[in-house]
């Protein structure tokens, strides 16, 4: 096993265990928004501290990306950078909806070498090493081989700025629903991407392209055989927050893009 992968797994499991302890204690009150915010920030801070201590114990000279920093500004960073997402699916956590995760990505010389996504509820560990494929709990994963839109499952991470979306986006949704697609809006795009990599979900539409989250997700899906396109058919687009990405197999993306083109031709 890659030595940094071993440390990443150890760190993400310990961080996930801390989150689960607080999830099961249920100290937060659903109706008290301000108290929940303080409680959640405290959990995130302590989780980051737990994970960071494990990383720095083995790699004291590596950089851990700070919460307010963006990986895009670190593109010329020569040092190894660790990107931690302490809790993806915060609303789910507060609502007792058991769908959230912890993730770590390791970037070496501007290339993502390792990705670890951990679902502490199910104890599912998704790992990926560049050039060595992706795994779920030690077993190799591949993306879905479905070649029809009918009966397919697509996860959606809708835009936080939905008012900026044009009516054409809603026409696309309508067209795809009529084609037989079943949409899911789960609240954790990182875990969705891991499910796409494992073939549990056929495709992911992501309109909230957080670059830091995108790093861990991208390696997982690419190592599982997925492509990442935007809705215009262009490859791997992660800068425009409104265009969104489609993550799936090349065959399924081609089917999606055909339906999208039909919308623009009508």
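The backbone N, Cα and C atoms fix where each Cβ goes, and this holds for glycine too.
The substrate binding site annotation in Swiss-Prot covers 87, 88, 89, 90, and the record cites similarity to another entry as its basis.
With a 10 A radius on its CB, residue 88 (substrate binding site) counts 24 other CB atoms from all the protein chains. Secondary structure from DSSP puts residue 89 (substrate binding site) in coil. Within 8 Å of the centroid of the Cβ atoms of 87, 88, 89, 90, where the record puts substrate, the same chain has further Cβ atoms from 85, 86, 91, 92, 93, 100, 101, 187, 188.
There are 24 other CB atoms within 10 A of the CB of residue 89 (substrate binding site), with all protein chains counted. Note: residue 87 (substrate binding site) has non-local neighbours 19, 40, 43, 44, 47, 93, 100, 101, 102, i.e. same-chain residues 6+ apart with C-beta under 8 A of its own C-beta.
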